[in-house]
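Take a look at the structure below.
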Amino acid sequence: MVKAVATVRGDSKISGTVTFEQSEENSPTTITWNITGNDANAERGMHVHQFGDNTNGCTSAGPHFNPHGQTHGAPTDEVRHVGDLGNFKTDAQGNATGSVQDSHIKLIGPLSVIGRTVVVHSGTDDLGKGENEESKKTGNAGTRPACGVIGIAA
């Protein structure tokens, strides 16, 4: 079992943790989040980005992790960036907890997300279904108020 964690924070009040667990290379990865400080009753996009670099804030993380050169999509779409995690929903206090399994996200093997960055976005991800070119790149998910590099967990 490989476990990894990202401690998410940034220039905003948003903070939290995103954990990843994978038992073997061909098994799905369980992604669990506990994020606070968002807008109340909102959906916010979350993605794994290419680089584990936060030297210039979350902007340094680069584009979505996309080793197969696909267009942006929903986590359940076959055609999507590997890093497309979709949206999480916040409660009346702006907090979000949840868990999902994803067969594209890997901790083991050449496409591991360890060392890359999880970004929490300021808007709702349109899952590549928007009517403009940006939708196919970013899902129109907005700015990057919080992020964290994915590291190996104990």
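Cβ coordinates come from backbone N, Cα and C, glycine included.
Annotated Cu cation binding site per Swiss-Prot: H47, H49, H64, H121, in sequence order, evidence recorded as similarity to another entry. The 10 Å shell around the Cβ of H64 (Cu cation binding site) contains 23 further Cβ atoms across the protein chains shown. The secondary structure of H64 (Cu cation binding site), as reduced to three states from DSSP, is extended strand.
The Cβ of H81 (Zn(2+) binding site) lies under 8 Å from the Cβ of H47, H64, F65, N66, Q70, T71, H72, G73, each of which sits 6+ residues away along the same chain. What Swiss-Prot records for H64, H72, H81, D84 is Zn(2+) binding site, and it gives similarity to another entry as the kind of evidence.
Of all Cβ atoms in the protein chains displayed, 23 besides its own lie within 10 Å of the Cβ of R144 (substrate binding site). According to Swiss-Prot, the feature substrate binding site maps to R144.
Below 8 angstroms of C-beta separation, residues 42-47, 63-64, 71-74, 77, 80, 84, 86-87 of the same chain, each at least six residues beyond the ends of the compositional bias 'Basic and acidic residues' (124-137), sit close to that stretch. According to Swiss-Prot, the compositional bias 'Basic and acidic residues' annotation covers 124-137.
Residues annotated as disulfide bond in Swiss-Prot, with similarity to another entry given as evidence: C58-C147. Taking Cβ-Cβ distances under 8 Å and a sequence gap of 6 or more within the same chain, the neighbours of C147 (disulfide bond) are A6, V8, R9, G10, H49, N54, G57, C58, A61, T117, V118, V119, V120.
Per Swiss-Prot, region 'Disordered' is recorded for 124-144.
In three-state terms derived from DSSP, C147 (disulfide bond) belongs to an extended strand segment. The two recorded residues, D84 (Zn(2+) binding site) and H121 (Cu cation binding site), show a Cα separation of 12 Å. With respect to their backbone Cα atoms, H121 (Cu cation binding site) and R144 (substrate binding site) stand 5 Å from each other.
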